[in-house]
6 protein chains.
Amino acid sequence: MRPSGRQPDELRQVRLTRHFTKHAEGSVLVEFGDTRVLCTASVEERVPPWLRGNRRGWLTAEYGMLPRATGSRNDREAARGRQQGRTIEIQRLIGRALRAVVDLEALGERQVVLDCDVLQADGGTRTAAITGSYVALADAVGRLLRDGSLRRNPLHGQVAAISVGIYRGEPVLDLDYAEDAEAETDMNVVMNDASHFIEVQGTAEGHAFRRAELDGMLDLAQKGISGLLEAQRVALEE
Amino acid sequence: MRPSGRQPDELRQVRLTRHFTKHAEGSVLVEFGDTRVLCTASVEERVPPWLRGNRRGWLTAEYGMLPRATGSRNDREAARGRQQGRTIEIQRLIGRALRAVVDLEALGERQVVLDCDVLQADGGTRTAAITGSYVALADAVGRLLRDGSLRRNPLHGQVAAISVGIYRGEPVLDLDYAEDAEAETDMNVVMNDASHFIEVQGTAEGHAFRRAELDGMLDLAQKGISGLLEAQRVALEE
Amino acid sequence: MRPSGRQPDELRQVRLTRHFTKHAEGSVLVEFGDTRVLCTASVEERVPPWLRGNRRGWLTAEYGMLPRATGSRNDREAARGRQQGRTIEIQRLIGRALRAVVDLEALGERQVVLDCDVLQADGGTRTAAITGSYVALADAVGRLLRDGSLRRNPLHGQVAAISVGIYRGEPVLDLDYAEDAEAETDMNVVMNDASHFIEVQGTAEGHAFRRAELDGMLDLAQKGISGLLEAQRVALEE
Amino acid sequence: MRPSGRQPDELRQVRLTRHFTKHAEGSVLVEFGDTRVLCTASVEERVPPWLRGNRRGWLTAEYGMLPRATGSRNDREAARGRQQGRTIEIQRLIGRALRAVVDLEALGERQVVLDCDVLQADGGTRTAAITGSYVALADAVGRLLRDGSLRRNPLHGQVAAISVGIYRGEPVLDLDYAEDAEAETDMNVVMNDASHFIEVQGTAEGHAFRRAELDGMLDLAQKGISGLLEAQRVALEE
Amino acid sequence: MRPSGRQPDELRQVRLTRHFTKHAEGSVLVEFGDTRVLCTASVEERVPPWLRGNRRGWLTAEYGMLPRATGSRNDREAARGRQQGRTIEIQRLIGRALRAVVDLEALGERQVVLDCDVLQADGGTRTAAITGSYVALADAVGRLLRDGSLRRNPLHGQVAAISVGIYRGEPVLDLDYAEDAEAETDMNVVMNDASHFIEVQGTAEGHAFRRAELDGMLDLAQKGISGLLEAQRVALEE
Amino acid sequence: MRPSGRQPDELRQVRLTRHFTKHAEGSVLVEFGDTRVLCTASVEERVPPWLRGNRRGWLTAEYGMLPRATGSRNDREAARGRQQGRTIEIQRLIGRALRAVVDLEALGERQVVLDCDVLQADGGTRTAAITGSYVALADAVGRLLRDGSLRRNPLHGQVAAISVGIYRGEPVLDLDYAEDAEAETDMNVVMNDASHFIEVQGTAEGHAFRRAELDGMLDLAQKGISGLLEAQRVALEE
């Protein structure tokens with residue numbers, strides 16, 4: 001039934017390539033099928049002005065899409081002089097998701113910036129970005145622990161995200177672009193490795209959804225996210 | 001247990017004052033306790049460029065907060081030269097919520113702009129804005145029907161929104177600022193009068209939330225929204 | 001002769017509602033007939049960078065119009081990303097007018113920001129804003145005196161403003177929108193309670209005006225402003 | 001008494017150099033003493049979008065100050081990315097003043113842009129700009145009449161402007177920077193050759209001014225402007 | 001002598017990977033050693049407004065650097081709201097370079113946009129971008145020829161670019177970051193396959209350079225560019 | 001052969017008028033024929049934030065063109081809210097060129113800003129700006145030496161610039177607008193008084209240029225620049 005031939009509860013192939021670029025403290029290319037996002041974690045030994053002197057760190061995220069990551073070219077946001085509403089929403093979501101697993105006091109007075117840049121888009125870029133950013137963040141934190149900048153690990157959990165939706169009347173997991181463009185409902189779910197929710201964002205695109213449909217989507221999401229958490233662990237052990 | 005002395009499932013006092021200003025086709029002051037938002041619906045006999053010639057209408061929303069609607073003054077967005085991420089997120093949410101009950105083809109090639117301006121903030125401004133905007137929209141549509149610009153009603157349902165959260169470990173309905181500032185989880189729920197979901201946005205502020213907590217919050221939201229839908233009906237019948 | 005049936009020297013009904021919103025140190029809804037402007041005075045315990053360390057305070061004003069305060073909707077300035085020339089002129093005028101009655105040294109190293117937001121426009125919004133801002137400022141200063149932050153009153157006078165114009169060949173006081181749109185000359189006059197001028201801004205819209213016409217308008221303005229000063233005193237004594 | 005040794009009613013030396021640059025349809029360097037402003041009039045065979053198809057023309061003005069026209073360097077507005085409030089006020093004033101002597105229907109569907117750029121500032125740049133712009137406009141219109149683009153002269157009068165103020169308690173004409181920095185009141189007056197007022201803008205800088213002081217300043221302004229109108233006529237006859 | 005151990009006239013390893021992403025008409029990852037730039041060519045069936053109706057096409061380029069393409073993180077230009085001067089210079093250079101080998105009339109009324117995004121920077125990003133863009137452009141043009149949109153090939157030559165410089169007193173080819181940071185002179189040279197110059201941009205960073213040094217650098221550039229042209233041909237034949 | 005009747009190696013008349021305006025530490029009107037650029041040097045007793053505390057000075061340049069400096073009016077960059085790419089390129093070039101002859105340590109912790117504003121354009125504005133800025137800078141430095149702010153001269157050479165090009169197949173010196181609009185190749189050359197190169201920027205506008213053409217243009221540039229250096233010396237000795 002799905003354009004890709006996948007089962008309703010089947011993820012696309014997930015790949016997490018660490019050390020994709022050489023400068024960043026963490027650099028991961030995450031692929032959910034044809035969706036490819038480069039996530040880098042940059043450590044900066046300073047915090048934003050409003051946090052100075054509080055002995056706490058900060059973590060923030062920025063998101064961008066290369067102009068031709070998509071089927072037709074989008075304007076370059078830097079040239080237009082401002083980020084779109086969609087971009088702002090996504091980068092705020094990524095930041096909140098990752099902060100949910102970081103002890104900012106343990107991080108010390110420094111900042112981690114996660115840059116998520118979409119090289120190729122095929123649906124689910126924000127969930128791929130969250131999932132990949134966790135690995136980039138873990139690499140950056142690992143480096144700080146190894147070089148003695150941090151004494152204890154500020155990460156108190158794993159975080160991953162997946163989309164679910166109602167496609168042709170049925171709940172499906174990890175929508176690709178062909179499904180997303182047609183879905184009646186689209187939901188992004190962020191969870192940690194205790195199987196608790198960090199963020200749930202569901203939107204009716206076509207008709208409003210019933211409580212039972214919501215429950216079905218949440219079940220799928222829980223299942224999909226355990227697969228992603230496992231993929232993160234495997235990647236980090238390599 | 002709640003700072004306001006309310007029961008966990010108790011809404012604040014809701015007031016919907018129609019015809020609050022005289023120029024707009026719909027103009028409603030909505031109050032959820034001390035939160036006061038002026039919602040106006042403006043009808044324009046044109047559509048955005050990307051929609052021209054499609055025989056469909058459009059509905060969009062803009063949100064603003066007066067600089068001193070809050071306890072300490074915020075910068076005026078017009079003076080800073082850009083809207084904050086929070087503002088953009090909220091106005092996109094309001095627009096999606098209201099479009100979910102409008103048949104854009106039946107609206108004809110015209111646009112309705114909903115302006116939601118917060119005069120006084122005490123938590124829940126976005127849910128008040130959605131709830132009040134529906135009444136302003138109904139007034140504007142009523143006028144188009146009465147003057148013969150529209151032959152059939154493009155509204156195919158009612159829409160209202162409420163916040164729910166986990167406050168001191170317990171699910172509560174319609175958080176005011178004192179609760180919101182301290183809540184562990186905050187969720188905004190938008191529903192229609194068929195008791196179906198249009199949007200669900202839940203965010204863990206403190207600790208991640210369990211499926212049972214999510215279910216408890218959704219139950220409260222459903223209950224609160226029926227009260228709001230009833231208040232809208234009463235206001236529109238006056 | 002006037003569309004409203006008023007005498008040439010007759011003000012519209014003036015209402016000054018104090019404590020209109022709850023957060024600001026001063027909050028006044030001023031109404032000149034159907035023109036309604038919310039004026040809030042916010043006290044901030046800091047001054048702009050160029051004034052730091054000078055033991056003087058500062059007072060500034062910002063002005064905005066809700067998009068649908070007028071007969072047809074105006075773009076939201078925050079969304080367009082900049083304030084219009086008209087807005088900038090008006091807020092500079094309000095700031096100068098109010099600073100003319102404040103002893104900035106007596107204010108101490110703090111800042112008062114006056115936000116004037118037009119909820120409904122029917123001509124004369126800038127003069128209403130100045131007249132209402134004085135009352136909001138007086139309330140804010142009163143609070144500082146009561147709580148001991150200020151030892152002596154930095155206000156050394158009252159200030160109010162009114163528009164005058166030549167309408168169908170005759171000088172008239174306090175133009176509403178119907179008159180303003182048609183007036184040949186439009187003048188805004190700001191005066192203090194010593195009956196001296198703080199600002200005079202007259203513009204020929206249609207034909208240039210003669211010295212005798214200018215004199216006639218100034219006479220009307222003086223008369224109108226004494227009425228406004230009296231209304232301010234009454235409001236502040238309540 | 002005046003720093004320059006001038007009489008209270010004495011203008012600085014006024015020079016109007018036509019054809020100062022070669023490309024513009026009108027190009028005048030105006031000097032009021034050490035204040036030097038280059039005024040160019042550019043004719044464009046199109047009107048702004050909101051005026052298209054109305055068989056009327058338009059006239060607008062833009063004002064700028066070279067960064068080092070003044071004693072200490074100001075930021076370049078093009079580099080900062082926006083014009084200051086002062087700049088916007090001045091260019092709006094220049095535009096209104098010049099439009100007051102132009103019959104926009106007789107101008108036909110074309111636009112004149114007046115660019116006033118201050119090469120050196122010593123007080124009174126806006127009044128010099130208005131006075132010089134009139135001559136540049138007359139040259140541009142003269143060219144359109146000579147080449148047959150216009151059949152009748154759209155100029156129905158002359159316009160000039162001067163500043164007056166209260167300096168050390170006495171009304172003085174045409175303030176230079178040394179006086180302006182110290183003046184208690186500053187007023188800019190724009191008049192036509194029928195000795196009628198086009199614009200009056202008076203601001204109390206120090207103490208508020210009395211009606212008698214206002215009258216004294218207006219008398220001086222009237223006298224000064226006749227001198228400027230004469231200088232314009234002489235320049236245009238050369 | 002060189003940090004990389006290369007000979008003075010030795011290029012870094014050059015790799016040109018076609019079809020690096022799937023949506024764009026041309027998509028090439030170009031690598032000059034550790035410098036990696038993704039170049040996409042997007043064909044749009046419209047031209048900029050100023051070119052409409054002229055039966056000619058247009059080609060333009062945009063350049064960006066991912067925030068962490070470099071050793072320390074740079075601000076994201078989209079978030080800052082404007083492109084840096086360096087970015088603007090580079091994208092103008094890329095556009096001119098590529099237009100020099102395109103017959104814009106033969107292209108027809110369509111536009112090619114070249115997006116050059118630096119994934120990893122190690123010196124020479126602009127010369128890599130030009131060299132890779134040519135291959136992306138050739139792929140996009142090839143597709144237009146194959147699908148019959150174009151009857152004759154608008155490309156009338158190849159174009160490639162390389163940097164040369166004076167490093168520790170000696171001319172060297174293709175500077176990497178370690179050399180570039182220390183070079184006394186830096187020159188970018190763009191040439192076509194007839195061995196003629198399209199652009200020469202040389203800048204003295206340390207001391208000014210003599211004519212003989214300039215000649216030496218130009219000799220190296222000519223040699224290096226033949227290697228790049230050969231690499232382009234090999235890539236396109238695969 | 002040249003529109004102006006000049007010999008291929010003949011400069012236009014060069015005029016350097018010092019003290020053109022009175023406020024700046026250096027103020028020079030430079031004319032290359034009909035091209036007229038006002039160059040001012042402003043000394044500021046502070047450096048940009050990134051240089052503070054380094055005991056070094058800085059020199060930067062800004063460039064602007066009055067809207068009607070050209071045959072048809074250009075938008076005012078301050079009103080459009082951003083500088084064009086061409087402007088940014090030119091001001092960066094001027095800054096680099098002048099910094100090449102300044103010992104920034106000898107300058108001390110202060111900044112010189114060179115403002116180059118084109119009053120009238122007829123080709124070669126950037127080369128005139130560099131040539132005139134050197135004289136303005138020399139005047140500003142001379143003043144600092146005379147008043148004791150500087151002990152030793154931070155200028156260690158002269159700098160001047162000229163354009164060369166291929167016009168109708170032949171290399172020519174100092175192109176005016178008529179030639180520039182038609183030239184096949186356009187090159188700007190910046191040199192010091194040791195006859196060494198500071199910057200070479202050559203662009204093929206029509207066909208790519210051969211090495212021999214490049215050599216011919218460089219020969220002309222060297223000749224032209226010695227004339228300019230001599231004109232600078234003469235001006236500074238007056």
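The backbone N, Cα and C atoms fix where each Cβ goes, glycine too.
Automated prediction, rather than curation, is the source of TrEMBL annotations.
Per TrEMBL, the phosphate site holds E:Gly124, E:Thr125, E:Arg126; the candidate it also names there, chosen from E:Arg82, E:Arg86, E:Arg99, E:Arg152, is E:Arg86. Here the binding-site residues are E:Arg86, E:Arg126, and the one whose Cβ sees the fewest other Cβ atoms within 10 Å is E:Arg86.
If you average pLDDT over the domain 'Exoribonuclease phosphorolytic' (E:158-224) in this model, you get 95. Taking the mean position of the Cβ atoms of E:Arg86, E:Gly124, E:Thr125, E:Arg126 as the phosphate site, the remaining same-chain residues with a Cβ inside 8 Å of that point are E:Tyr63, E:Ile90, E:Val118, E:Ala121, E:Gly123, E:Thr127, E:Ala128, E:Ala129.
All protein chains included, E:Gly124 (phosphate binding site) registers 25 other Cβ atoms within 10 Å of its own Cβ. E:Thr125 (phosphate binding site) counts 26 other C-beta atoms within 10 Å of its own C-beta, drawing on all protein chains shown. In the three-state DSSP scheme, E:Gly124 (phosphate binding site) falls into the coil class.
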